[in-house]
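Here's the structure, in C-alpha cells; my notes come after.
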Amino acid sequence: MVKAVVCGAAGGIGQPLSLLLKLNPIITELALYDVVNAVGVAADLSHIPTPAQVTGYLPPDNGAEKALKGADIVVIPAGVPRKPGMTRDDLFVNAGICATLAQAIANAAPKAFILVISNPVNSTVPVFAETLKKAGVFDPKRLLGVSHLDVIRASTFVASVLGKPTEAQKYSIPVVGGHSGATILPLLSQTKPAIPEILADKEKRDALVNRIQFGGDEVVKAKDGAGSATLSMAQAGAEFANYVIDAAFGGKKGKIVQSYINLAADAGGEAIKKEIGADLDYFSVNIELGPNGIEKILPIGQLDDVEKGLLEAAVKELGPSIEKGAAFQPAPPKL
C-alpha cells in the first residue's frame with residue numbers, strides 16, 4: 001500500500017505527472033492537491049483502470065493536510081512557471097508556496113519522502129529543509145531535489161550530437177552540481193558508453209554542455225510565453241519518483257541516481273565537500289536509493305580539465321542560491 005501525493009497537481013507539470021504516477025502499479029492511493037481544479041483532474045484520472053485510487057483536494061477546510069495525511073511520497077511541482085526572459089532564479093516567488101507546503105507536510109506526513117520540482121530548486125530545497133527543521137521533523141535522507149530532467153536531456157542531446165537520436169536511452173551521463181544554468185555540471189567524461197569523439201572536439205563539447213545547461217530556455221522560447229518545460233519535466237519527475245518508490249517499497253536495491261540534496265544525509269557528504277573544494281550544504285550528487293531514501297552519497301569521481309573549470313563556476317553560483325533559500329522567512333499568515 002503506497003500513498004503518493006502531488007502538490008500542484010492541476011498545473012502544466014502536475015497534470016501529466018499525476019497521469020504518469022497513476023500508471024505505476026505499486027501506488028494504491030494518489031491524492032492531488034492544488035489551489036484550483038485538483039478535484040476535476042482527480043475525477044478525470046480516476047477513470048483509468050490501475051490500482052491507484054485518486055482523490056482531489058483544494059485549500060478550503062485544510063485541504064492540503066487532508067491530501068497529505070498518511071503520504072509515503074510527496075512530489076511537488078507547485079509554483080509559477082518560467083516565462084521568456086526569466087531565469088529559474090527569478091522564480092524565487094515560489095519560496096513562499098514551498099514553505100507553506102513544507103509546513104503542511106511537517107504536520108500531516110512528517111515521514112514522507114519529499115521530491116521537490118518547484119524552481120529554483122537550488123533555493124527551494126533549502127526552503128523545505130529549514131521549514132522542516134523548525135518543525136522538528138527534518139530528515140535529510142528523505143528530502144530530494146529533482147534535477148533528473150538534466151540527466152534525461154543529457155542522454156537525448158548526446159545521442160543527437162552522435163547522429164544516433166533513436167539510441168538516446170543507451171547513453172548514461174551523470175549530471176551533478178545544481179539545477180540552473182552554470183550550476184548544471186554534465187560529466188561527459190564519465191558517459192557510458194564512452195563518447196571520445198565528442199570529448200575530442202572542443203566546439204561540439206562546448207555547445208553540448210551549453211545545451212544541457214540551458215535546454216529549458218529552448219522550450220520557454222518555443223512555447224512563446226505559454227509556459228516552460230512541463231511534459232519533459234513531468235516524465236523526469238515521474239521516472240525519478242518511480243525510482244524512489246521502487247527502492248523504498250519495491251525492494252529494488254543498488255539504484256544510483258543524481259539528486260540535489262542536503263549533504264548531511266550521509267557521511268559521504270563530507271567527502272563531496274572535499275571533492276568540490278567548498279563547504280556547501282547542498283549539491284546534486286550520485287546517491288544510492290534504498291528503503292530510507294538516500295542510503296549512500298557516492299563520490300563524484302574523476303573529472304577532466306574542462307569539468308574542473310565547470311565545477312568551479314557551478315560552486316561559485318550555487319553558494320548564494322543556497323544561502324537565499326536557507327535565509328528565507330515566509331510572511332506571517334494574515335489573521
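Each residue, glycine too, has its Cβ placed from N, Cα and C.
Database features, via TrEMBL:
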type	residues	note
DOMAIN	3-145	domain 'Lactate/malate dehydrogenase N-terminal'
BINDING	Gly8, Ala9, Ala10, Gly11, Gly12, Ile13, Gly14, Asp34, Asn94, Ile117, Ser118, Asn119, Met233	NAD(+) binding site
BINDING	Arg82, Arg88, Asn119, Arg153	substrate binding site
DOMAIN	148-328	domain 'Lactate/malate dehydrogenase C-terminal'
ACT_SITE	His179	active site, proton acceptor
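Across the structure, Gly8 (NAD(+) binding site) and the residue listed as 'active site, proton acceptor' are spaced 20 Å apart at their Cα atoms. In this structure, Asn94 is the one among the binding-site residues Asn94, Asn119 with the smallest number of other Cβ atoms inside 10 Å of its Cβ. Once Cβ contacts within 10 Å are tallied over all protein chains shown, the recorded positions Arg153, His179 are led by His179. Mean per-residue pLDDT, taken over the domain 'Lactate/malate dehydrogenase C-terminal' (148-328), amounts to 97. Within 10 Å of Asn119 (substrate binding site), counting CA to CA, the recorded positions Ala10, Gly12, Gly14, His179, Met233 contribute His179. Around Gly12 (NAD(+) binding site), the same-chain residues at least 6 positions away in sequence with a Cβ under 8 Å from its Cβ are Pro81, Gly227, Ser228, Thr230. Site extent for NAD(+): the farthest pair of Cα atoms among Gly8, Ala9, Ala10, Gly11, Gly12, Ile13, Gly14, Asp34, Asn94, Ile117, Ser118, Asn119, Met233 sits 18 Å apart. Residue counts for the domain 'Lactate/malate dehydrogenase N-terminal' (3-145) under DSSP, split into helix (H, G, I), strand (E, B) and coil, are 61 helix, 28 strand, 54 coil. If you measure from the Cα atom of Arg153 (substrate binding site) to that of Asn94 (NAD(+) binding site), you get 24 Å.
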